[in-house]
Amino acid sequence: MLTIKLPQIFRVHQVPRIFWEDGIMSGYRHPKSSALDCVLSSFQMTNETVNIWTHFLPAWYFVWRFLVLSSSLDLWRDPFHWPLLLYLLLVCLYPFASSCAHTFSSMSARARHICYFCDYGALSLYSLGCAFAYGAYAMPDHWVSGVWHRYFVPAAALNSFICTGLSCYSRFPELERPRLSKVLRTAAFVYPFLYDNIPLFCRLLFFFWSNCPWSDAVTGYCYHLLFALLTGFLFASHLPERLAPGRFDYIGHSHQLFHICAVLGTHFQLEAILCDARSRRAWLRGRLPVPGLPGTFGTAGLALLGNAAIIGAFTAALPRAP
């Protein structure tokens with residue numbers, strides 16, 4: 001009978017420092033695992049198992065939502081829905097890239113860097129997808145067709161390059177200056193988040209000041225922002241494992257909670273964007289030109305190539321990094 005031997009699990013001081021996680025004392029995989037060992041490790045309890053599944057399963061949930069919406073909204077042929085199409089594709093990409101990064105990051109130190117470079121690039125593109133959707137459907141009424149509205153998405157594309165470049169660079173001083181590394185990586189994702197959500201902040205302030213009745217879209221954006229704040233807090237604080245090292249090695253540490261909050265935030269964001277796209281369609285189509293290929297797929301393609309080039313450049317620099 002065929003038996004499969006599961007990979008061995010190690011404690012923190014048995015693996016190189018580059019693999020250490022704050023407050024996580026055990027559950028580490030072999031630092032030179034094979035690809036098969038990495039896949040098998042997702043079916044045994046390690047400190048990465050829940051990280052893998054909390055983004056792998058949601059990736060398929062978002063793929064399912066994409067397929068359902070494709071059949072009901074004619075995403076491919078209706079230019080009004082092209083920004084939504086790009087947003088949905090990038091929503092499917094980022095949790096899948098994250099799951100793959102956590103799965104294969106124990107193959108070597110170099111592989112770990114490359115896996116997370118790709119993860120950061122997917123998150124940067126997701127931030128661009130948010131800008132596509134917000135620019136097309138969520139912009140405040142008095143900003144529609146304004147100068148800032150016209151440059152909102154191109155600026156977000158440039159922000160994706162900054163995000164990928166800064167987050168990839170943050171891995172280089174990780175051992176010598178871990179605090180600097182953390183600050184750079186946090187800033188790399190906080191900046192595009194704040195930029196993308198300027199339209200939402202404006203709309204929420206207007207609703208608070210004018211006492212307007214809350215729409216389903218605004219409620220969804222509030223939930224999205226709440227979970228986004230929780231996501232940022234968990235990423236920066238490393239709680240609860242920092243308070244009790246070793247207690248949350250397998251279940252309950254901050255990165256797992258970070259994944260769950262990120263997915264929930266994206267779910268509410270998607271529902272809110274769909275509400276805006278349906279309820280504001282007639283109003284927006286009377287004030288905005290039909291989205292064209294250069295401003296949608298052209299911009300997304302250039303952003304994809306640019307982010308891939310940045311990842312390639314940092315990958316090439318890895319052998320020279322300390």
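Including glycine, each Cβ sits where the backbone N, Cα and C put it.
The annotation Zn(2+) binding site is assigned in TrEMBL to His102, His255, His259. The annotation transmembrane segment is assigned in TrEMBL to 50-68, 80-97, 117-139, 151-172, 184-206, 218-236, 294-318.
Counting Cβ pairs under 8 Å to the transmembrane segment (50-68), the top-ranked stretch among 80-97, 117-139, 151-172, 184-206, 294-318 is 80-97. At the 8 Å Cβ cutoff, the transmembrane segment (184-206) and the transmembrane segment (80-97) share fewer than 3 close pairs (sequence separation 6 or more) and do not count as touching. All protein chains shown were included, and the count of other CB atoms within 10 Å of the CB of His255 (Zn(2+) binding site) stands at 21. Cβ neighbour density within 10 Å is lowest for His259 among the binding-site residues His102, His259.
Other residues of the chain with a Cβ within 8 Å of the Cβ centroid of His102, His255, His259, the Zn(2+) site, are Glu48, Val50, Asn51, Ile52, Thr54, His55, Ser98, Gln256, Phe258. Counting only same-chain residues 6+ beyond the ends of the transmembrane segment (80-97), those with a CB under 8 A from a CB of the stretch are 55-56, 58-59, 62-63, 65-66, 69, 73-74, 118-119, 121-123, 125-126, 128-130, 132-133, 135-137, 263, 266, 270, 273-274, 277, 281, 284-285, 290-291, 296-297, 300.
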